[in-house]
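Participant: Mind having a look at this structure? Questions to follow.
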Amino acid sequence: MKGQVVRIIAGFYDVVDLKNRKLYPLLRGSGLLRLNETSPIVGDFVDFEEKGFIKKIYERKNQLIRPKVANIDQALVFISIREPNFSSLLLDKFLLVIEAKNIPVILLVTKIDLDSNFENLLLDYQKMNYNIFFINNKKNEIPVELKAELEKKLNFVIGQTGVGKTSFINNFLDKKFAIQEISQTLNRGKHTTRVVQIIEKENFRIIDSPGFSSFSYSEISKNEIRNAFKIFKKFSSDCKFRSCFHFQEKTDQCGIKRALKDGKIPENRYKNYLYFLGKYEKKNY
């Protein structure tokens, strides 16, 4: 049978049959997979036996290393306005990894009730044509347009701890996962998600994952960083040299610098790019 891995705990795999959506828990990897040092990850499409082993892992259309997930249709990137405070650097760190894998992005902005100026903080991202939804979890309201965007797709949830991911999932899927209040001393939420898993209800599927501290962009090469952002891909074709890193090159030789000068790329996005490039050079992830 063909299925998809929805959860992994202590070397056991829970798999959903793609045909009838029945859950088959506690499967193991076959001896051949172990011999080849190959292990399934959440999101993998696999061939499996009803009461036994996973026999085959199908080719992945995309994959993240930390957390280990595969075959994502789109990413739901959560960012809060306050508690924790909005940070374009943190948001761009998430987008750097997601867009490097060519995964479509939806930005979900939470805690909008804590700052009346919330829309202005996202102006640069609106200008870059990101798909943005403003969410108030306290009102338990999910925009109809957002539901339509998520239907029949595998949606990967990512964001700093404490931004309201679990509250959103509870509201959206009408499930009750553990929620903890923001830690005032650390200005961040306590981790409420401990395993990567696919949560499913009707035509909606969401990959919930551990919070910010386990999310890494160290898997990205220097070459990937230079054109990871979607808007950089758009203008980098105008660079004179294919190896352009949009840093030391002259403006007339760099499509990114010209777009920056013309106001087509926000200055803050370019500054964040230089920060990530510098972090890579220092090997300080």
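From the backbone N, Cα and C atoms, a Cβ is placed for every residue, glycine too.
Below are the features listed in Swiss-Prot for this protein:
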DOMAIN    61-215  domain 'CP-type G'
BINDING   T110, K111, I112, D113, G159, Q160, T161, G162, V163, G164, K165, T166, S167  GTP binding site
BINDING   C239, C244, H246, C254  Zn(2+) binding site
Participant: If you compare CA-to-CA distances from T161 (GTP binding site) to each of the binding-site residues C239, C244, H246, C254, which comes out shortest?
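Facilitator: That would be H246, nearest by Cα distance.
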Participant: Using only C-alpha positions, which one of C239, C244, H246, C254 is spatially nearest S167 (GTP binding site)? These are the binding-site residues in the record.
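Facilitator: Sorting the binding-site residues by distance from S167 (GTP binding site), the top entry is H246.
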Participant: Which of the binding-site residues C239, C244, H246, C254 has its Cα nearest to the Cα of V163 (GTP binding site)?
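Facilitator: Among C239, C244, H246, C254, H246.
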Participant: What does DSSP call T161 (GTP binding site) in the simple three-state scheme?
Facilitator: coil
Participant: Nearest to I112 (GTP binding site) in three-dimensional space, by Cα, is which of the binding-site residues C239, C244, H246, C254?
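Facilitator: The answer is H246.
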Participant: Any same-chain residues 6+ apart from T110 (GTP binding site) with CB under 8 Å of its CB? Would you list them in sequence order, or say none?
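Facilitator: Set apart from T110 (GTP binding site) by at least 6 residues yet with Cβ under 8 Å, we have F78, I79, S80, I81, I135, N136, N137, V163, G164, S167, F168.
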Participant: Given the binding-site residues C239, H246, C254, which one's Cα is the least distant from that of G159 (GTP binding site)?
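Facilitator: For G159 (GTP binding site), the spatially nearest of the binding-site residues is H246.
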Participant: Identify which of the binding-site residues K165, H246 has its Cβ surrounded by the largest number of other Cβ atoms within 10 Å, counting every protein chain shown.
Facilitator: K165
Participant: List the residues of the same chain that sit at least 6 positions away from C244 (Zn(2+) binding site) in sequence and have their Cβ under 8 Å from its Cβ, in sequence order, or write 'none'.
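Facilitator: Expected: R226, S236, Q253, C254, G255, I256.
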Participant: Around the Zn(2+) site (C239, C244, H246, C254), what further same-chain residues have their C-beta within 8 angstroms of the site's C-beta centre?
Facilitator: R226, S236, K240, F241, F245, E249, Q253, G255, I256, K257
Participant: Which ones in the same chain are close to C239 (Zn(2+) binding site), with CB under 8 Å and 6+ residues apart in sequence?
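Facilitator: Once residues fewer than 6 apart are set aside, C239 (Zn(2+) binding site) is near H246, E249, Q253, C254, G255, I256.
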Participant: Among T161, S167, all listed as binding-site residues, which has the most CB atoms within 10 Å of its CB?
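Facilitator: When each Cβ's neighbours within 10 Å are tallied, T161 leads.
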Participant: Among all protein chains shown, how many Cβ atoms are found within 10 Å of the Cβ of G159 (GTP binding site), not counting that one?
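Facilitator: Excluding its own Cβ, G159 (GTP binding site) sees 27 Cβ atoms within 10 Å.
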